[in-house]
Amino acid sequence: MTTRSASLPEPGMPIAAVATPVGVGALAILRISGRGVFGIAGRIFKKKQNPAFRFAEAKGYTAHFGSVHDSEGLIDEVVALVLRAPNSFTMEDMVEFTCHGGPVVVQHILKVLLDEGCRLAEPGEFTRRAFLNGRIDLLQAEAIGEMIHARSESAFRTAVTQMQGTLSLRLEAMREQLLRSCALLELELDFSEEDVEFQNRRELQQQLGVLQEELRRLVDSYQHGRIMKEGVATVIAGRPNAGKSTLLNTLLGLERSIVSHMPGTTRDYIEECFLYNKTMFRLTDTAGLREAEEAVEHEGVKRSYRKIAEADLIVYILDLTLDDYADEVARILEFKSEYRNARMIVAANKIDLASESPERIQELREATGCDVCGISAAKGEGLETLKELMSTMVVGLDKLHEASVLVTSLRHYEALRNASDALENARMLINSNSETELIAFELRSALNYVGEITGKVINEEILNMIFDQFCIGK
Ligand SMILES: Nc1nc2c(c(=O)[nH]1)N(C=O)[C@@H](CNc1ccc(C(=O)N[C@@H](CCC(=O)O)C(=O)O)cc1)CN2
Ligand SMILES: Nc1nc2c(ncn2[C@@H]2O[C@H](COP(=O)(O)OP(=O)(O)OP(=O)(O)O)[C@@H](O)[C@H]2O)c(=O)[nH]1
Ligand SMILES: [Mg+2]
């Protein structure tokens, strides 16, 4: 323990924050961390049983009952928890005060803490310190944030897995291998006059191939990981008045989206989560697709296309009461070839109005090659079939593979792709017998990308982006 504390960086400025949500609750927690927090805590806190009590002499992980005062007198009775560096979340000296959970009480205690020398913590600053002091890596810090914000069981599960550090371990192993090869190549550069080869090129080529394969698997897990976290991105698309908003509302069982007989009712897209058969669908109702003349609608249609391009599943709504389906069939075929990553269902709507629906649906099936199901969004007919179809379309997409590591964040996905590209370059250079220097450069670059994910390579901009999303007090 002593060696660990000796190697700890200087504790930061004392910071204070409320760690619990704003509002009325049974209890609330305030925490302080950093240099001199025991002195600060001692000036505002009196221990009932022991007036001579000093935080600096208290053992770590002990709780003390007492009261908090300001110049006017008593504020509240509290429990103070003592955490001694490095055995605290931030690895600094910390004190946590549990007080009564009223917003005014909490603000009073926060104010005395600030008056006594703490600065208000920035969002995520406690976790940032936990990262900078080596308690957790960047992936784990992000996982804590994701866990707090998780709104589904699957999002929660993936966050917990990531918090345990499985992906971190894989990436660290990768980094070590790359570092070793890199070091050997750089050693060759030092002996460049002697034309030696410390790193056998055929071996290196083979090792990089294995690493690249692993990177590719991680990159490929992103769609799956994202779905675990956010749900299946399901976009309801189609012409104006086809019944998209009606379908959204009927699926949700509430009047979320405005429905009217006027074509062009929905302007901006609307997103809501919908759970079916344990699969989370993130449903997006979009503006009807047409050449819009009016500026706002035009922007709406642009957004529709953007959402369609990001979809995992497109539910194309077609109005069966149209006289002619040729344009619709053409668009469906175009979507099929344009959005290859998405799966598509055609929902032929308004079966309650259309005569000869079964025949028309069969024709549509043949013309589009898609799964087509007849529905009445307004009357709720055919929806069970549609939901079943949605569910089978995404089978496997949202189920956790056992023991597999998933990439769930766009940041990680991009860094992994960049790393994989750098390895690809390195392998091409080796194949063409290129100079050692160029190969080493690509390996360094791959190393940097992998290191950015866990935070081994510290990039201030990335840190800000991550920790700014946290709550104050976390
Ligand atoms: N009251 C309280 N609850 C909390 C936190 C906190 O900071 N305070 N946490 C904040 O996110 C989470 C728990 N995370 C934590 C991680 C490490 C340590 C810690 O002090 N570790 C020391 C001591 C271990 C021990 O005595 O067994 C260590 O590992 O050295 C504390 C909290 C959730 N619950
Ligand atoms: N009879 C019948 N009418 C429907 C059905 N579904 C929708 N409608 C009607 O069709 C009209 C258009 O419905 P919306 O849900 O607003 O259509 P939309 O596709 O969202 O239209 P935009 O937002 O303009 O793109 C409304 O008058 C609905 O009541 C249906 O299954 N049967
Ligand atoms: Mg609409």
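In case you wondered, yes, glycine gets a Cβ from its N, Cα and C as well.
Per TrEMBL, the range carrying the annotation coiled coil out of 34-80, 175-221 is 175-221. Residues K244, P263, T266, taken from the binding-site residues E96, R135, K244, P263, T266, are distinguished by a CB atom under 6 angstroms from ligand 2. Within its own chain, A287 (GTP binding site) has P240, G264, T266, R267, D268, Y269, E297, G300, V301, R303, S304 as residues 6 or more apart in sequence whose C-beta sits under 8 angstroms from its own. Cβ neighbours of P263 (GTP binding site) (same chain, under 8 Å, six or more residues apart in sequence): R239, P240, N241, G288, R290.
When secondary structure is read from DSSP and collapsed to three states, R31 ((6S)-5-formyl-5,6,7,8-tetrahydrofolate binding site) falls in the strand class. Proximity of the binding-site residues E96, N241, S245, A287 to ligand 3, judged by a Cβ distance under 6 angstroms to any of its atoms, singles out S245 in sequence order.
Close to K244 (GTP binding site) in the fold, though at least 6 residues off in sequence, lie I236, A237, G238, S257, T266, D285, T286, G288, I317, each with a CB less than 8 Å from its CB. The predicted model assigns the coiled coil (175-221) a mean pLDDT of 90. All protein chains included, E96 ((6S)-5-formyl-5,6,7,8-tetrahydrofolate binding site) registers 20 other Cβ atoms within 10 Å of its own Cβ.
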